[in-house]
């Protein structure tokens, strides 16, 4: 163990008093030689004390590092290994570097004349290792911010504190070194190198603090954003907007940074690729989910035996095993890493946006600095913030772009690999079933041609069926009348004539005092085709009991045709009577036999509890071919386990079409 600082002082002071007869007279006489010799000895004494302080504090510092590496780290083994790696990231390397440095310092003690020169060289050579040590210590200091003699951070930030002491200790040695000594320039370079190290570490910490401050992505509501507004915030945003408008108008020059612009553009394209990939994978997962919900093998296809049974067995196997396993792996190996990558890019995106705001502040401060020559402390701080942001982005954006592209490439390769493995699994599971299919012997081009021909033939059948359906079943233009409304229609017909009768095509809800509320199918008589203000979109009508306005767009001309019985009675005209009925088809519709399976020709909307709604093409069971009064124009039917009356003219016999299907030709 080297002697302590106070022991060195006790040995040094008697040496100065060993020859009082020679030193004291010289000091008393005040000769220049004597004063120079005393001053040189005093400088040498202080220099040796500073050297001893450097060695002793380095020894204590190394002892504390070994304590952290051994006792404290071993007592924290219950923590996760990842946390231990962060806390004690490079402490072993730091111990090794400082052990060599202490050994070199202690060896200089045997060479008194060259000790200071050797210390300067060793310190200058160690400055590079000290930089890495400071960066790691700064990171640990941010992890454990509760500094104090009893906290763990007190030990973890010791390397950072030690780095700040090196320039002070060397500066003290330099101040007690004669300027014309050979060690003086070496010490100057060592002090300058360590000061640069401290400056770089401070700048590195400043960049990291700025980055951690502005990379936070907060999801704020509009109310929370408004609550954060204050006079200072509004002033800054107004100043930035004014600066931006001046640049757009060409009143002030814009700061050009070609290097950053290129990096930003590349980062923008990387972010766009990640976003598009994420959206595409999300759509793919939705389609996969819909595909898994559709299970045709569970339905009765009404096709006996053969390839259908094999297909159902294969699909059941794939639906239960291959496809769910593929979906699970797709989410874990593609979707989740893609979401993590998009989340990792959100911070840099926010940082780039914040750089634009800080750039506007920086340009304004630079203009003021050129005009006035001085700026306030807050403006200087804004200037430094932009410089730190810009330096950080220029230094780290290239690495981030490369890492993101490599990450995205690995995700794409994984996605392709999963697709390939799924195809292989499906082919392996279907290998036994494929050999029993009727077209297994065909080559791939021939099978593709066969499928195209079959699909073309089926499509032609569908188009022919659609054309025939549209020709045979034209939509009705009017709604049928209720049995109780015929007397009211007869009264309107005899009073106004057939050219004045209109039918309501959809329900009307009156909004004003003179507006009518009418159900769909109501027959009215037109009184005037405009209202009192000359508006032709509101017509004045008569319902047979009330008069009022209805929208003209909900009325269409009602056609009156005679009943089939009246056509027969024209041979014996003994009564002048007419019957009103809609004209869904030009030919008369015969009555439908009782308990018959028929098809609804037109859609019908029930208007009371005695009626039942129909859909075009729906199968209907006719229970009675007339109503309770014997009127054959209404039939009692059963649809979807519901009974009610429907117009007989809306029903037709269910024809038996020629069988056709989707089967491939053998």
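Glycine is no exception: its Cβ is also placed from the backbone N, Cα and C atoms.
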Would you mind telling me which of 568-588, 589-609, 610-630, 631-651 TrEMBL tags as region 'Disordered'? 568-588
Given 1-38, 39-76, which one carries TrEMBL's region 'Disordered' label? 1-38
Taking the domain 'BAR' (245-446) alone, what is its mean pLDDT? 85
What are the helix, strand and coil residue counts for the domain 'SH3' (497-560) according to DSSP? 6 helix, 26 strand, 32 coil
